[in-house]
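The annotation transmembrane segment is assigned in TrEMBL to B:22-44, B:50-83, B:95-115, B:121-140, B:160-185, B:215-237, B:269-289, B:301-321, B:327-346.
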Amino acid sequence: MTLNGLAVGCIYGLVALGFVLIYKATELVNFAQGDLLMLGAFVAYMAVVWWGLDYWVGFAIAVVVIAVFGALLDATVLRRVIGQPQFAVVMLTIGLGAMFRTFASVTWGSEIYTLPTPFSGVWTVGGVTLSHQYLSIVAGTLVLCGALYGFFTHTRIGVAMQATSQNQLAAYYMGIPVKLIFSLIWAISAGVATVAGILLAPVTLIDINMGLAVALKAFAAAVLGGFGSIPGALVGGIIIGLIELYAGATLPEGFKDTAPYIVLLLMLAVRPQGLFGTLGRKKV
Amino acid sequence: MRFVFKTSYAQDIQLFRDRMDAFWYVLLAAAVALLPVVMSEYYVGETTWVFIYAICGVSLMVLVGYTGLISLGHAAFLGIGAYAHAFFIKHGVPWVAAVALAVVITTACGIIVGLPALRMSGIYLAIATLAFATIIQEVFSRWESVTHGFAGMPVEKPVIFGVSFAHDTAFYYLCLFFLVVSLWLTRNLLRAPTGRAWVAIRDSEIAAQSMGVNIAIYKSMAFAYSAALMGLAGALFAHKIAYLAPDIFTILLSIQLLLLVIVGGLGSLHGAVFGAIFVALLPPVIAILRDSIPATLSSVAGATGLSLFGAIGEGVGAFLRKPGVEAGIFGLILVLVILLEPLGMYGRWMKIRVYFSTFPMYKRATFKRQKTYMRSERLR
Amino acid sequence: MSFFKVDQLSINFGGIKAVDGVSFDVDKGSVFTIIGPNGAGKTTIFNLVSRIYEPSGGRLVFEGNDITHVPPHRVAKLGIARTFQNIELFEHASLLQNLLLARHAHKQSSFFSELLFLPSVRRMEVEHREAVEKVIDFLDLQQYRESLIVNLPYGVRKVTELARALCTNPKLLLLDEPSSGLNVEETEDMAFWIQDIKNLLGITVLMVEHDMKLVSAVSDRVLALNYGRPLAQGSPQEVQSHPEVVRAYLGG
């Protein structure tokens, strides 16, 4: 059972990772992250079921399509609000999210879809059954995180991204194409959301509101880990996933969905900088 | 161009700028008071929504527009006010006392939610209020002895000191009265030290602190006052909607309220009213367009013999009839306003006024935004 | 008993001693200036005095009262006001509103009397306005009264900072680099104003400044800092010619 919590937690962690990547680089908080996840799952569904493509091909197509979409979104809309008050940006992404949901409901309707996956069996290890579906989520998260870690530490572009998120002006002076980097970060973040969406699809099924619920929990995860910390986002996600699972199993009905938020509020009251974050103070 | 000659310091703190201003507001008040005489009952009902939303708008404007605190959970306060009010009148508490109790309860909740706000700002506060709203919504659906959960809770018609306000027109005046009172009280606060302290916190916490503003107290006050107004709005909302259910007070409603203050124009009370007109009247307008666009275009097609118009009309009508389209239109408007007119409708209104008062000398550059460079908000 | 006394003040930021055992006395009615290279800890001392930072050691004594641990918003009420190096005005409010906010420490009205805007609130507002108008006259800001701060040029904003601090009716005024970003003419104006503040208003000034011409023109005493430690203290001439100070500025 812990595996289920772990798997759902991984999804929250991945979505939170998307928030954090964008926040670190551009200081925008993307409230439409969950809706990107939903769009990604729908594209994968279209590719696999409607066009009859192989699961992995559909997977790849969805990731690429949404990643390109994310980059375009940055280049056309979001770049214009960098430097404006955070509140405006939050509302902008909320507005975008609402548009995505409407787009999805007009295009695909409000039915619930099932994405067929190659992971259906179970393993039984020492009397414990491990379903392949949940294992695939955990494994997918691990692979993705490993790849991202390698990318950020070992490639030129990855290092340039890190530099940009530390100090944009300095990065710009060093010849890093900051605008392109921003678009790339949006692409990666949207791609990560898509992966999360496809991995999640067999668990929650695909509908237009699937992103909303996940995004809210992922926010809790990101804050729990300290907004701006990448390992924090993953750890936060797993903690939220486990809390949710155990609260649902042991506490009265109604706590499954609220326990993560109660923990979040307590966390904010006691340690607002999160588990791994640092709290800065404005210099005067 | 009209000049206002100032001859005393007291003039700057008047309710109205000058006699001319006062005259216009009196005229507006008279027009609004006479509206039910000329309007059909349906429109009286829709205009009542404008008043209720405007009270919500004033509430959120104080918090977001003047104090600079984000709340993504204001629908929760509205819900607490609505349920508390409905609960008390169901148990025989007189109407005025029930409203007062609802306001007191929401104020208390506002202070409790405001407590974490003392230590955080920006995005953290947004998420904390979001979490709060989610928890409250769960409480609404689970605390069945009070809220009746998803079965819903009917709300009795208002009877104040034996006078029934059950009729739409009577309720219209009741809501108008409370809107005017809220606007007046808020305006009073905003022209007094408290309002200045709020604006100071919004623009620079550190400077406000150094000038003697107790940040913790004033932030809690902003939260409490905002919640109190929301409680009042909730009581009226309960009567208007007549049947309370937990899925009314969702995050989407909170977002709609934020849309209201942004579209109206952050940092102005006029904006709260403009935004309310917009948010309350957009759904009926969409409903009208949904039926009138296909009809008009098909008659055009009939007259001109071009079937293309008919097809377009059918397409638009079908699109507008799809579920969830309204939310998308709200989203689109939100995006456009933030990108193109960050000051909202009030900002546009000011520009139009300046255009006419300086005609023909208007220059666009008056309102040209200065280039803003990225300013980190991480360290606020 | 001295007017304002800083005694062995220290603060650490993650192991770095930003201010390390600094002591000085400011006499009533004088202008005391702190100089030093960038990063010497000058502004940190200001932030400690206005209680934005919590000192890790030492004491602050103002008019015989220990103020080392009063909360930051109480400082203004005690009679200490400050300006900010990088301008911390309330940008989306008018200049008048900015100055009126500075009267906050003298606010007497309660929340509910303001809610109804009772006559007592109206009377207090007019009184605040009169106090603010005196400062506006003193610093020649009449023409900018109604402008929003975002629309004002840098030099005027700098003066507005000074005006806002004066509106709190301070006994001790902290000026953080009053001349930074000003041109020669504006700096001369600033020097006159500082002298007027001292001579006409009788306000004691504690200042951080880089412009040595301004420093020698207005200061009674100067303290030189480097790496958070005091180098020399005395009259402007003494400090300027002190060998340690020369070394700190020129390197070597």
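Here, residue 1 is simply the first one shown, and the rest follow in order.
Note: Cβ is positioned from N, Cα and C throughout, glycine not excepted.
Remote same-chain partners of the transmembrane segment (B:95-115), defined as residues 6 or more beyond its termini with a Cβ less than 8 Å from a stretch Cβ, comprise 73, 76-77, 80-82, 84-85, 88-89, 128-129, 132, 158-161, 219-220, 222-228, 230-232, 234-235. Of the two recorded stretches, the transmembrane segment (B:121-140) lies close to the transmembrane segment (B:50-83), with three or more CB pairs under 8 Å once pairs fewer than 6 apart in sequence are set aside.
Nonlocal intrachain contacts for the transmembrane segment (B:301-321), taken as residues 6+ away from its ends with a CB within less than 8 angstroms of a stretch CB, comprise 286, 289-291, 293-295. Stretch with the most C-beta contacts under 8 angstroms to the transmembrane segment (B:269-289), considering only B:50-83, B:160-185, B:215-237, B:327-346: B:50-83. Counting residues 6+ beyond its ends, the transmembrane segment (B:22-44) has Cβ neighbours under 8 Å at 15-16, 168-169, 172-173, 176, 180 in the same chain. With a cut-off of 8 Å between Cβ atoms, the residues of this chain six or more beyond the transmembrane segment (B:327-346) that come close are 252, 256, 259, 261-266, 268, 270-271, 274-275, 278, 282, 286, 369.
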